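J.: Provided herewith is a single structure, encoded as C-alpha cells, for subsequent inquiry.
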Amino acid sequence: MVSRVTSRGMATVFTKIINGELPGRFVYRDVEVAAFLTIEPVAYGHVLVVPTQEIDRWTDVPAELWGKLNEVAQVIGKAICEAFDAPRCGYMIAGFEVPHTHIHLFPASDMSGYSLQNIIPMDQTDPEKMDDAAARIRAELRNQGVAGVPEDED
C-alpha cells in the first residue's frame, strides 16, 4: 500500500487507484510499478504506467526505477501493438494533469494520438470497450509470459 503523499498533503488519484480506493482497470502490477487504463483515452487501449511511489516529476525518478518503468512500458507497448494490430505504440510523458509521474502508452497509426486534446471524454467512453481493451492487453501480456498480470475481472 502506498502511503507517501505529495507536498499538497493528500494522496494523488493514481495512489488511490493503486491502493484500491478508486477503481482501476489494471493490466500490470508489482511492488514498484502499476499500469492501468486511463479514464480518458486517446484510443481504447491507452495505458498509464505509474510508479507506486508518488514522484511528481519524471526527472526526479531515481535512475533504477526509471529503468524499471521503461522496461514495463516496453513490454506493455509490445502487447498493445499485438492486441490492437497497431503499427506503433505511442509513448508520451506530459505530467500536468496529476502530480504523479506517468507514462502514456496507446495504440497509434498516426500522429493524432500524440495530443491529449484528442481524448475521449470520460462520460463518452464505452465501459464494455474499456473492459475489453484491458482484457486484450492482459491476454497478450500473458501470451508473452509476463509476470505481474492481474486476473481478469468478471
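Keep in mind that glycine also has a Cβ here, set from the backbone N, Cα and C atoms.
These figures come from a predicted structure and were not determined experimentally.
Feature annotation from TrEMBL assigns domain 'HIT' to 13-116. Residues annotated as motif 'Histidine triad motif' in TrEMBL: 100-104. Annotation source TrEMBL lists active site, tele-AMP-histidine intermediate at His102.
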J.: Cβ under 8 Å to the motif 'Histidine triad motif' (100-104), counting only same-chain residues 6 or more beyond its ends: which ones?
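T.: Contacts with the motif 'Histidine triad motif' (100-104): 6, 12-15, 38, 42, 46-51, 54-58, 60-61, 69-70, 73, 90-94, 116.
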J.: So if I measure Cβ to Cβ from His102 (active site, tele-AMP-histidine intermediate) and keep only same-chain residues at least 6 apart in sequence, which ones fall under 8 Å?
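T.: The answer is Phe14, Leu48, Val49, Val50, Ile93, Gly95.
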